[in-house]
Amino acid sequence: MMNHVKITRVEAGLTQQQLAEKIGVTRQTISLIEKGKYNPTLKLCLAICYTVNKTLDDVFWIEKEE
Amino acid sequence: MKRVTDERLKIDMLKNIRIVFIFQTLGILAILIYTGISKGPDAAFHSPLSLVFYGTGVILGFQQLRVSADMDEMGKHKLKKPMPYYGLVLIALAVGLGAGLLTFLTDPLHKLNAWIIGGVFFICFLAAYSVGYFIKKKRAEDDEDE
């Protein structure tokens, strides 16, 4: 599923490795989330949002496809 | 070994364990079937491996209780009223008495056998009904909380 993790992470000035270490996952997981190849749990989504200081809407909201 | 905190890896790990479980179960079955053919079914039944196999089945069944589909849902969120607990005790008692009586009638010389078999039937039925009863009761309480 697509999301804005990459943009918000870069805006927060973090590398994939730094973000991964802060929320206790592996860098590969962050990479897969950014590519839309792994569907994170709500818990992990919230952890990402807290770390980059954004809301769930900012990071994960995508418009419904018609 | 470092503890895995990554949820994606945890899920992957569980998937791997599932494959191993399938492999192990097939292995146990193969050994039991081989024992059954080469040494007779009795040897297979008395092998400790068959105990492991049954035990796994029982544990899996018990764990699956919470996964199984809901049978009590009737129409629009209206639950069947659970039978009171003494009703279940009475049913178990009736089954136990029936089994004991049947044993007594077929073999009147050994009264102790009738008592034991009746007692075992009573306890087994009561235990099974109790588990079901407490699950239903807990569900009813959970529904009230909503």
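Even glycines carry a Cβ here, placed using N, Cα and C.
What TrEMBL annotates here:
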TRANSMEM  B:20-37  transmembrane segment
TRANSMEM  B:43-62  transmembrane segment
TRANSMEM  B:83-106  transmembrane segment
TRANSMEM  B:112-135  transmembrane segment
Contact set, same chain, for the transmembrane segment (B:112-135): CB under 8 Å, 6 or more residues outside the stretch = 65, 82-83, 85, 88-89, 91-93, 95-101, 103-104
Lying 6 or more residues past either end of the transmembrane segment (B:43-62) yet within Cβ distance under 8 Å of it, the residues of that chain are 25, 28-29, 31-33, 35-36
Quickly jot the same-chain residues contacting the transmembrane segment (B:20-37) by Cβ under 8 Å, restricted to those at least six beyond its ends, or write none.
-> 43-44, 47, 49-50, 52-53, 56
